[in-house]
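Here is what TrEMBL says about this protein:
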DOMAIN    65-180  domain 'VTT'
TRANSMEM  12-34  transmembrane segment
TRANSMEM  46-69  transmembrane segment
TRANSMEM  81-101  transmembrane segment
Amino acid sequence: MSAETPLPLWRVWLWPAVVGITIAVANVLVFILLPPDLVERLGALGYVGAFLSAGIANASIVVPVPYYPLLIRLGQAFNPYGVAIAAAAGSVLGELVAFYAGRSGRKAMERTSFYDWVHRQMQHPWRAPLVLFVLSAPPNPFFDVAGIIAGAVGVPVWTFVITVFLARIVRMGLVVVLGYTLFGGW
């Protein structure tokens with residue numbers, strides 16, 4: 001029997017750091033290169049545009065879609081708090097894709113230490129909403145896994161929707177209001 005040697009800390013964090021930096025650069029590039037006519041077309045939809053863009057972006061389970069620049073631009077043209085609430089609602093509906101994927105494919109999840117930890121938390125009545133909130137509020141690529149696990153272990157839909165909605169109000173509010181503050185608007 002041989003004991004596995006743990007990976008050095010830099011190797012553990014290298015891949016998440018590269019992914020995080022890539023996502024940040026993609027968001028900055030999208031913000032800079034976002035065609036004004038697209039903003040005007042979605043701006044004509046107003047809050048519905050924020051709802052749709054966040055919903056479509058969060059329905060993608062694997063590939064992160066940079067939609068924050070669009071929300072920032074919409075927050076400059078409309079009430080930023082209204083944009084944040086509309087985007088949070090769309091985001092929750094998009095995340096239901098992962099939740100229901102977990103409901104239907106309970107046995108298909110790969111067993112990792114993160115999976116085991118989230119699985120234990122989701123089975124506890126008051127820790128499940130807390131973990132969902134903490135994982136959902138920041139821009140976190142692991143939340144899709146948590147959403148799938150929440151669906152797989154049978155977290156009630158209303159618990160998932162309310163918790164993720166509150167967390168996404170915090171996230172979208174910070175994104176839109178920070179963008180409004182930094183880049184101006186109204």
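Cβ coordinates come from backbone N, Cα and C, glycine included.
Nobody curates TrEMBL annotations by hand; they come from automatic prediction.
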Per-residue pLDDT averaged over the domain 'VTT' (65-180) comes to what? 86
What else in the chain is close to the transmembrane segment (81-101), if you only count residues 6 or more beyond its ends and a Cβ gap under 8 Å? 47-48, 50-61, 71, 74-75, 136, 143-144, 147-148, 150-151, 157, 160-161, 164-165, 168-169, 171-173, 175-177
Secondary structure split (DSSP) over the domain 'VTT' (65-180) reads 93 helix, 0 strand, 23 coil
